[in-house]
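Novice: When I checked Swiss-Prot for this same protein, it listed these features:
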- Lys183: active site, proton acceptor (ACT_SITE)
- Gly78, Trp80, Asp103, Asp119, Asp143: S-adenosyl-L-methionine binding site (BINDING)
Amino acid sequence: MTNNLSGYRNKFVRVKTSKKRTVSSSNWLRRQLNDPYVAKARIDGFRSRAAYKLLEIHEKFKLFTPNMKIVDLGAAPGGWSQVASKLIKASDNNLNNKIISIDVLEIEHVAGVEFVQKDFFEADTEELIIQALDGRADIVMSDMASNTIGHKATDHIRTLLLCEQAFEFALKVLKPSGHFIAKIFRGGAENELLHKVKREFKTVKHFKPSSSRSESTEIYLVALNKK
């Protein structure tokens with residue numbers, strides 16, 4: 001199982017105080033050093049702990065199969081693209097599988113992944129992606145979140161707006177029966193978006209992977225079978 005952390009739970013690591021480091025930076029560093037999924041990702045060769053979230057989503061919903069076309073929005077540092085590549089058995093020589101990863105930040109090459117360094121909000125991105133896919137996508141996935149400021153309501157709205165834009169993008173590039181996966185933060189304002197998604201997909205589920213930090217309000221919207 002992807003959430004088997006045997007051997008990854010180490011003794012608690014304390015972070016020494018530093019005048020050059022803010023309290024929030026110290027808290028983030030402490031959390032990273034004591035997070036078993038961070039340690040597991042390092043050993044398993046994944047670029048981020050977020051890889052395990054997508055693995056759990058796949059275990060729950062069985063979304064990925066060989067010979068798929070996938071778009072990964074906001075892909076950096078590439079953890080989700082790595083997982084998708086493994087699950088569909090992508091390789092640089094296999095033309096039946098296509099993964100297009102988009103981000104304004106550069107990511108290192110992943111086998112079977114074509115990286116587009118671009119903001120997906122730009123007007124020409126949709127047509128560019130369709131051309132790169134040579135058709136429509138089976139899955140559009142987004143683990144994007146806005147930079148958090150610690151104010152839950154603001155963080156909720158900002159990430160929800162990203163999800164809405166990813167959803168509108170997905171409607172344009174997904175084939176019928178395609179799937180959409182995206183991160184949202186719970187906060188009350190997501191209901192309107194959920195109604196929109198339910199009108200466009202046959203099945204819509206919420207899922208919180210065990211690899212998602214318990215204190216986080218993040219959940220994943222899993223929309224199956226575009227109408």
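Cβ from N, Cα, C; glycine included.
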Novice: What span in Å does the S-adenosyl-L-methionine site cover, taken as the longest CA to CA distance among Gly78, Trp80, Asp103, Asp119, Asp143?
Specialist: 18
Novice: Could you state the whole-number distance in Å separating the C-alpha atoms of Asp103 (S-adenosyl-L-methionine binding site) and Lys183 (active site, proton acceptor)?
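Specialist: Here the two Cα atoms lie 16 Å apart.
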Novice: Have a look around Asp143 (S-adenosyl-L-methionine binding site) and count the other CB atoms within 10 A of its CB, chains all included.
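Specialist: There are 22 such Cβ atoms around Asp143 (S-adenosyl-L-methionine binding site).
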Novice: Between Asp103, Asp119, which of the binding-site residues has the fewest other CB atoms within 10 angstroms in the structure shown?
Specialist: Asp119
Novice: Within 10 Å of Lys183 (active site, proton acceptor) by C-alpha distance: pick out those among the binding-site residues Gly78, Trp80, Asp119, Asp143, and say none if nothing qualifies.
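Specialist: Among Gly78, Trp80, Asp119, Asp143, the ones whose Cα sits within 10 Å of that of Lys183 (active site, proton acceptor) are Asp143.
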Novice: With Cβ-Cβ distance below 8 Å and at least 6 positions apart along the chain, what are the contacts of Gly78 (S-adenosyl-L-methionine binding site)? List them in sequence order.
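Specialist: Arg47, Ser48, Ser101, Ile107, Glu108, Val110, Val113 - these are the non-local Cβ neighbours of Gly78 (S-adenosyl-L-methionine binding site), listed in sequence order.
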Novice: Compile a sequence-ordered list of residues in the same chain as Trp80 (S-adenosyl-L-methionine binding site), six or more apart from it, whose Cβ lies below 8 A from its Cβ; state 'none' when nothing qualifies.
Specialist: Ala50, Ala51, Leu54, Asp72, Met141, Asp143
Novice: Is Trp80 (S-adenosyl-L-methionine binding site) helix, strand or coil when read with DSSP?
Specialist: helix
Novice: Return the count of C-beta atoms lying within 10 angstroms of the C-beta of Lys183 (active site, proton acceptor), excluding that atom itself.
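Specialist: Its Cβ has 23 other Cβ atoms within 10 Å.
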Novice: In which DSSP state, out of helix, strand and coil, do we find Asp119 (S-adenosyl-L-methionine binding site)?
Specialist: coil
